[in-house]
Ligand code: DC
């Protein structure tokens, strides 16, 4: 694996859904002039491809056989991230309820993880000025040598309230149902055998329950700046 230029900083931001990972990662990357990669979007994209190509998402063998087929391309501008599958814009379809309910099963298949992890490492290695990569296993598995690892947490109530807010107008659902779905997905993501959702031993944990988004962004920006200053 090639490494990025020496001055480039690689930031891994992991944590469960609803902790503000995406908003924080994008804003930190934009503020610091870094690239940005949403790895959840890649797992959603391969899940969407499986659904639209008739692959049974309950069948790990069928998923494993098809894992190498879709061409998934991520655009890493934090102000306008993009994702295409076989040349088609997938940014809308990957956010549907169907994809959300099936992504944990698809992303648990080792062949899918190997494929997507390779893509992630290539993107990080090619990000000249550095990159913020958000996901579940970035600090533990994908980029264990990242310069800074942050693990975001929040209470299940706070996470469900944030998710519900995001869904408003699209696929609005009640808070209790959102909380239940979120806890179920976290349990699946944390309990799988291959690179589960986990905090790396050297990650800084930030509990965002009582913090505003701006406060979380500020906190992570400060952590990155401290890292950069320490490397000079
Ligand atoms: O962050 P998100 O909700 O868009 O992620 C969707 C799913 O993708 C999540 O439920 C588990 C999976 N995922 C993963 O397994 N590993 C990652 N690094 C990122 C996401």
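Think of each number as a place in line: the chain as shown, counted from 1.
Glycine is treated like the rest: Cβ placed from N, Cα and C.
Note that this is a predicted model, so its numbers are computed, not measured.
Residues or ranges marked as ATP binding site in TrEMBL: 15, 16, 17, 18, 19, 20, 21, 22, 23. Summarising the annotation, TrEMBL assigns domain 'Cytidylate kinase' to 11-225.
Positions of the features from TrEMBL, shown on the structure.
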residue : record           : Cβ contacts under 8 Å, 6 or more apart
15      : ATP binding site : 21, 136, 151, 152, 153, 197
17      : ATP binding site : 159, 163, 182, 185, 186
19      : ATP binding site : 152, 153, 154, 159, 208
23      : ATP binding site : 213, 217
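Same-chain residues with CB within 8 A of the center of the 15, 16, 17, 18, 19, 20, 21, 22, 23 CB atoms, the ATP site residues themselves not counted, are 24, 152, 154, 159, 162, 208.
Close to ligand 1, meaning a Cβ under 6 Å from one of its atoms, is not one of the binding-site residues 15, 19, 23. For the domain 'Cytidylate kinase' (11-225), the predicted model reports an average pLDDT of 94.
The Cβ neighbour count for residue 21 (ATP binding site), using a 10 Å radius and every protein chain shown, is 23.
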